[in-house]
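Reading through the C-alpha cells given below for one structure.
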Amino acid sequence: MENRWQVMIVWQVDRMRINTWKSLVKYHMYVSKKANRWRYRHHYDSNHPKISSEVHIPLGDAELVVTTYWGLHTGEREWHLGQGVSIEWRLKKYRTQVDPGLADQLIHIYYFDCFSESAIRKALLGHRVSPRCEYQAGHTQVGSLQYLALTALIAPKKTKPPVPSVQKLVEDRWNKPQKTRGHRGSHTMSGQ
C-alpha cells in the first residue's frame, strides 16, 4: 500500500503570538469564565509529535478546533521558527478547514456579549439592550446607519485582556505586501 498524503492549511505564526493566544484563551476559560465551555488540550494529550496544543470550541452540535503546531519547516523569514496554526470545523465525522475571519464570526455568534443589528429593533421597541460588543473581531462588515448611530452614541469599552481572536493570531504583521515604486521615467513600473 502506498502512502496517502493529506494536505492541511497551516498558517505560519511566530511563537510569541501563539503564547499570547494560549494565555488569552486560558484567561477567558478560567478567570473571566466567558469561555468556560472551551477545552484546552496540551501537547502531551495528543499522540501527534508536531501538535503543540488544541483549543476545542463548542458551536452548538459542531465544534471549532484551533490547533497550534511546532517543529515545522521554517518559513521565508527567520521569525517563522516552525510554528503554525490550523483551524478546523467539525460536525460528527465531517471536518473542513475554515479561514480565521469565519472562525471569528462563528465564535462571535455563540460566545461573548454583543451589541448587534438586533439591538436596533429592541431599542426602537423600548427594550433594554447590551450597550457594547465584547468581540469586535467578529464584525467584518460596515453596519447600517442606525447601527452606526447607536454605536457612536455609546462608546465601546475596552476589555482587558482582550478576547482571543483567531484572525489576530494568524495576522502577518511583518510581511505586508510592499507597494511597487519605480523611477520617475519608468513606464513599466507605473503601468503607463
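In case you wondered, yes, glycine gets a Cβ from its N, Cα and C as well.
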Swiss-Prot annotation of region 'Interaction with host APOBEC3G' - which of the ranges 20-24, 35-39, 40-44, 115-119 it falls on: 40-44
All-chain count of other Cβ atoms within 10 Å of Thr96 (phosphothreonine): 9
